[in-house]
Amino acid sequence: MADEAKAKGNAAFSAGRFEEAARHFTDAIALAPGNHVLYSNRSAALASVHRYSEALADAEKTVELKPDWAKGYSRLGAAHLGLRDATSAVAAYEKGLVLDPSNEGLKAGLADAKKAAAAPPRRPPPSGADGIGQMFQGPELWTKIASDPTTRAYLEQPDFMQMLRDVQRNPSSLNMYLSDPRMMQVLGLMLNIKIQRPEASESSQASSSPPSQQQQEQPETKAREVEPETEPEPMEVTDEEKERKERKSAAQKEKEAGNAAYKKKDFETAIQHYTKAMELDDEDISYLTNRAAVYIEMGKYDECIKDCDKAVERGRELRADFKMISRALTRKGTALAKLAKTSKDYDIAIETFQKALTEHRNPDTLKKLNEAERAKKELEQQEYYDPKLADEEREKGNQLFKEQKYPDAVKHYTEALRRNPKDPKVYSNRAACYTKLGAMPEGLKDAEKCIELDPTFSKGYTRKGAIQFFMKEYDKAMETYQAGLKHDPNNPELLDGVKRCIEQINKANRGDLSQEEIQERQNKAMQDPEIQNILTDPIMRQILVDLQENPRASQEHLKNPGVMQKIQKLVSAGIVQMR
């Protein structure tokens, strides 16, 4: 129940419904009050709606329950920072970094806290473009945009994200982007007012009659209550800003040209376009990751790795989207896996994929990680393969078997199989050891593997049949012995096995078994899927009724080979007795 409430809270949080998320996490805490993750999640939800005091209480509870969990200190630092207690925030982030020195979130939080601690006392807010531009500096910017359904999608648009970063770096540059309706919409969101586009205002004025004096005064009163900052007067864009905007636009065109060349498999041309885009704009790491993808296609894996390392480093500096960092790490891991020649070479590729997944859990990255781990395991087996050493281990196992030291013998047979997993004799010998130790399921598995590797090896059938006979599955044991006789018709062990199975089956038919023995055989048989299918077949059920009540009609049924085979199966299993 707690997990269900937690899942609902996570879904609400992802959708930007933070109040709802907090309620779900509260429900989960009521069911699992000792779960530190629930307090951490509720702290994040409360901080998102600026309820920092409550968020702080939850963060302190998280640290109390799990003092060695780095994320708890991240929540604690964020709550302190929201309450403008920068000194306590710095202390919290530093404690977290002691536990997890490589945690990027803690590093970024510590940098923000130190910046806030070193900042001078707050001065009256600036006016004009700088004043409104400063509104884009606060931590509530991202929360508000993500929470509003009308603006949430903008966070997925690279060009809009770039505009926001530009304004954060230089608040005066806001005027450059006010012609974009998305920026106007976000500005209205930050000012807490609804900004209408000129076309909408004109149309509304044309369609309505002049308002009365009372109606005209009402909006003015509301405006005074909201008291938004006045919209800045348009400022003249500097030549430097114009040039920067033109360079970004040119870089995007180069990227598009590179993408088109990549689709045509014109890799050299694609490289040229991406390189030109990087020269024009070094604040977008997608040019590097795209060029890295081209290098993979060209087999230039070292160049790909270099580009990916640059992209990660530059992305950290720009605080780029985690998805972009993950993409760069995934492509680096792909290149490393392509270069791997030994099992150890895969270690760094696997580590890189794991880092990518911590940035963003992408199904493609997870698939590549699984493939790398599988390839490493296969290479380890190939590197360990040594038939000569396998024979030596098998001989050691044989000697210990003769000395009745079965557990030690199993160890040597297992090592022999690691050295040479394709030797049926070792599986046969280990199956014999398992039989002596009473480990029948393990012995049966080894015997079946022995037959799979070499269907003509008689020992595999004798091992399997002996185990089945010991388990009183006489019908299955007889089938195994008969299968072996097809390859070795004169094998005395197989012939003796068939004879012993027939004796046991006939013994049951003569009624020589006790009621307990009959019940035990029937219970085992009923666990066999083949027996279950026969008994649930409506036609076979009618035939069994005829065998009991109408012997003449049953004789016609027994002329059918398929029916006769199924009847024999039931007889051998002890389900049906024929006298």
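Just so it is clear, glycine is given a Cβ too, placed from its N, Cα and C backbone atoms.
Marked as compositional bias 'Low complexity' by TrEMBL: 111-120 (among others).
Taken from TrEMBL, the feature compositional bias 'Low complexity' applies to 201-218 (among others).
Sequence annotations record features per position, and here TrEMBL assigns compositional bias 'Acidic residues' to 228-240.
Positions annotated as compositional bias 'Basic and acidic residues' by TrEMBL: 241-260.
Restricting the average to the domain 'STI1' (148-187) gives a pLDDT of 78. As annotated by TrEMBL, domain 'STI1' applies to 148-187 (among others).
What TrEMBL lists as domain 'STI1' is 528-567 (among others).
The region 'Disordered' annotation in TrEMBL covers 111-135 (among others).
According to TrEMBL, the region 'Disordered' annotation covers 198-260 (among others).
Residues 41-42, 44-46, 48-49, 65, 143, 146-149, 152 of the same chain sit 6 or more residues outside the repeat 'TPR' (2-35) yet have a Cβ under 8 Å from a Cβ within it. The repeat 'TPR' annotation in TrEMBL covers 2-35 (among others).
The repeat 'TPR' annotation in TrEMBL covers 70-103 (among others).
Same-chain residues lying 6+ beyond the ends of the repeat 'TPR' (251-284) with a Cβ under 8 Å from its Cβ atoms: 158-159, 162, 165, 290-291, 293-295, 297-298, 314, 318. Summarising the annotation, TrEMBL assigns repeat 'TPR' to 251-284 (among others).
Sequence-distant neighbours of the repeat 'TPR' (390-423) (same chain, 6+ residues past either end, Cβ-Cβ under 8 Å): 381, 384, 429-430, 432-434, 436-437, 453. What TrEMBL lists as repeat 'TPR' is 390-423 (among others).
Here the repeat 'TPR' (424-457) has long-range neighbours at 390, 394, 397-398, 401, 404, 406-407, 409-410, 413-414, 416-417, 463-464, 466-468, 470-471, 487-488, meaning same-chain residues at least 6 beyond its ends whose C-beta is under 8 angstroms from one of its own. Per TrEMBL, the feature repeat 'TPR' maps to 424-457 (among others).
Taken through DSSP, the repeat 'TPR' (458-491) splits into 27 helix, 0 strand, 7 coil. Among the features that TrEMBL reports, repeat 'TPR' is placed at 458-491 (among others).
Below 8 angstroms of C-beta separation, residues 77, 80-81, 84, 86-87, 89-90, 93, 139 of the same chain, each at least six residues beyond the ends of the compositional bias 'Low complexity' (111-120), sit close to that stretch.
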